[in-house]
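Q: Dropping a structure here in structure tokens format, bear with me for questions.
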Amino acid sequence: MTARILDGKAIAAALRARLAERVAALPYSPGLRVVRVGEDPASGVYVRNKDKAAKAAGYDSATIHLPAETTEAELLATIATLNADPVVDGILVQLPLPPRIRTEAAIAAVDPAKDVDGFHPLNAGRLAAGQPGLVPCTPRGVMHILAEAGVVLRGARAVVLGRSQIVGRPMAQLLLGADCTVTIAHSRTRDLPGECRRADILVAAVGRPEMVRADWVAPGVVVIDVGINRLPDGRLVGDVAFGEVAAVAGAITPVPGGVGPMTIACLLQNTLEAAIARRGAA
Ligand SMILES: Nc1nc(=O)c2c([nH]1)NC[C@@H]1CN(c3ccc(C(=O)N[C@@H](CCC(=O)O)C(=O)O)cc3)C=[N+]21
């Protein structure tokens, strides 16, 4: 058997096209501002891709690039200016930040109504409480892939590998909200392969290249690979050993071309929704 490949790149392109149509019907362009501090090289590529996608879909998008020496107070002042700017609907503070700046302070400074990353504790709390709010882009993108693939969630056993605030925890909340039986497994889990083998749906979000092997998965499982790891030889691989796991799984997302493109499309979706909530649709 060989797994069905879930083409995140194509699903993301279709979503961006639908968003572009909705944006074109608005009397304004939804405003997105990405704040980047310093020169983390991986951030450069991502910020450029996002800006390109946003502009192509009709958004008013700009990147604010602050020097590496920026202080926390200066970053918070920049965020405050964006919070107060009526043409700004979405604010994304690109992570990682330089070590001098407290990530939690930057996240908490963003107006929750403009928090298109969904990282603010108010939005995380809303998600955990089952209330509407802005949802982190990567888990939202994963739910969109599962829906497009026709995966039945009700009653399914979902295992989320990883417990980060950015992916693992919100991912588990969304799957729980969709009536999955959810297990969050992590680096201290006693029998990681054994827990993963129980999954009908396995979401790998640990940031360890090719950690999930063929003997970690049950035949027919749906595997979602959130990992994006750059190897020393320059290759980009996920958290899943794609070739060998694809021989066992029922469906699997590739890296690249899986979850990554969905993250960008969902950032645009969140920005559109934040804009309509603030400014209306007509
Ligand atoms: N505040 C914040 N929000 C984020 O959402 C955020 C962040 N900080 N910091 C960095 C990570 C990483 N991230 C990616 C999104 C898309 C791709 C993506 O589209 N990847 C392509 C390949 C890109 C390549 O070839 O390098 C793919 O998987 O097919 C990758 C990485 C968002 N992040």
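The first residue you see is number 1, and the count goes up from there.
Glycine residues also receive a Cβ, built from the backbone N, Cα and C atoms like all the rest.
Whatever TrEMBL says is automated annotation, not expert-curated.
Marked as NADP(+) binding site by TrEMBL: GLY162, ARG163, SER164, ILE228. If you look up TrEMBL, you'll see 6-117 marked as domain 'Tetrahydrofolate dehydrogenase/cyclohydrolase catalytic'. What TrEMBL records for 136-276 is domain 'Tetrahydrofolate dehydrogenase/cyclohydrolase NAD(P)-binding'.
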Q: Return one of helix, strand or coil for ILE228 (NADP(+) binding site), based on DSSP.
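A: In three-state terms, ILE228 (NADP(+) binding site) counts as coil.
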Q: Within the chain of ARG163 (NADP(+) binding site), which residues six or more apart in sequence place their C-beta under 8 angstroms from its C-beta?
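A: Sequence-distant Cβ neighbours: ARG169, ILE184, HIS186.
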Q: Determine the binding-site residues, out of GLY162, ARG163, SER164, ILE228, lying near ligand 1 in the sense that the CB is under 6 Å from one of its atoms, and give them in sequence order.
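A: Cβ < 6 Å from ligand 1, in sequence order: ILE228.
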Q: Near the Cβ of SER164 (NADP(+) binding site), how many other Cβ atoms are there if near means within 10 Å?
A: 17
Q: Within 10 Å of the Cβ of ILE228 (NADP(+) binding site), how many other Cβ atoms can you find? Include all protein chains, please.
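A: So the number of other Cβ atoms within 10 Å of ILE228 (NADP(+) binding site) is 19.
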Q: Given the NADP(+) binding site residues GLY162, ARG163, SER164, ILE228 in the record, what is the largest Cα to Cα distance, rounded to whole Å?
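A: Farthest-apart Cα atoms in GLY162, ARG163, SER164, ILE228 are separated by 16 Å.
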Q: Report the mean pLDDT of the predicted model across the domain 'Tetrahydrofolate dehydrogenase/cyclohydrolase NAD(P)-binding' (136-276), rounded to a whole number.
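A: Here the mean pLDDT over the domain 'Tetrahydrofolate dehydrogenase/cyclohydrolase NAD(P)-binding' (136-276) amounts to 98.
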